[in-house]
Amino acid sequence: MNLKNRHFLKLLDFTPEEITAYLDLAAELKAAKKAGREIQRMKGKNIALIFEKTSTRTRCAFEVAARDQGAGVTYLEPSASQIGHKESIKDTARVLGRMYDAIEYRGFGQETVEELAKYAGVPVFNGLTNEFHPTQMLADALTMREHSGKPLNQTAFAYVGDARYNMGNSLLILGAKLGMDVRIGAPQSLWPSEGIIAAAHAAAKETGAKITLTENAHEAVKNVDFIHTDVWVSMGEPKEVWQERIDLLKDYRVTPELMAASGNPQVKFMHCLPAFHNRETKVGEWIYETFGLNGVEVTEEVFESPASIVFDQAENRMHTIKAVMVAALGD
């Protein structure tokens, strides 16, 4: 399995065997770190981290993973990057490609990370775009593998909520690529695009995956092993949009009742974070005062329950990102 010098832009670019190879390497690197016997395989490498969108988990995961492996990083924050403003993506790619061994990009359009990859001459890693979140998918798959006690191709999961963007798109493709039973529970207006659904069905034909899209949240979660969700509204969207989205998605909120509707007493809750699950943030308090909701996409009761594995999931961002970098750059 040769993943050397490979870009990591979206799961559609990889075979099921290649995705599994990343997961196996991540598990191996995680075990080595826990045992204190990690071997540095990226000594002398330098990685540029371009962030057009702010981040906690993605930035920390890339920085810690790189340093664990002996590599250096340069963080280009949103205000410092000239990409697309004073300098074209093509020129930025060619400059950074001369100085760095790899480039991570977290930002808006998928076309930006694809163009970086086209011109950089070094591996480019997608830390998140509007369309895809592939490093999160490796973390999610590793977490499900650790917690399900059975092979991924015998595992079922649901994503409930707004499924139009990177998490809904990516989870649908992940499940299809790995032969899983994947369900999307959302109003039809918030389903992934027809192109993404078609790509998932094409992958499922190869892997035997089962794909379900439904407007019924209870139907989506029936007999699943994992229930995923994500935030319903992005910060900066007007209050009217929040109200409209909350009204549209109220039946898709992850509550103890929805967890119980799975019929699986061992069902686990997953979220890529950050989550609006209580009033302990300025945003959470504003949501409570404005809409009367204590927690939005998930209740505090579920988020803090033993069923919640969100912090295992967050930790696995680092191990899986490390696997992507080691596979591409490691000695």
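Backbone N, Cα and C define each Cβ position, glycine as well.
Per Swiss-Prot, carbamoyl phosphate binding site is recorded for Ser55, Thr56, Arg57, Thr58, Gln82, Arg106, His133, Pro134, Thr135, Gln136, Cys272, Leu273, Arg317. The L-ornithine binding site feature in Swiss-Prot is assigned to Asn166, Asp230, Ser234, Met235.
Every protein chain considered, the tally of other Cβ atoms within 10 Å of the Cβ of Ser234 (L-ornithine binding site) stands at 11.
For the binding-site residues given as Arg57, His133, Arg317, the lowest number of other CB atoms within 10 Å of the residue's CB is seen at Arg57. A straight line from the CA of Arg57 (carbamoyl phosphate binding site) to the CA of Asp230 (L-ornithine binding site) spans 15 Å.
Long-range neighbours of Ser55 (carbamoyl phosphate binding site) (same chain, six or more residues apart, CB within less than 8 Å of its CB): Arg106, Gly127, Leu128. The separation of Cys272 (carbamoyl phosphate binding site) from Asp230 (L-ornithine binding site), Cα to Cα, is 7 Å. In terms of Cα distance, none of the binding-site residues chosen from Thr135, Cys272, Arg317 sits within 10 Å of Asn166 (L-ornithine binding site).
If you take the Cα of His133 (carbamoyl phosphate binding site) and the Cα of Ser234 (L-ornithine binding site), they are about 16 angstrom apart, rounded to a whole number. In this structure the alpha carbons, written CA, of Cys272 (carbamoyl phosphate binding site) and Ser234 (L-ornithine binding site) are 14 Å apart. Minimal Cβ crowding within 10 Å, among the binding-site residues Thr135, Asn166, is found at Asn166.
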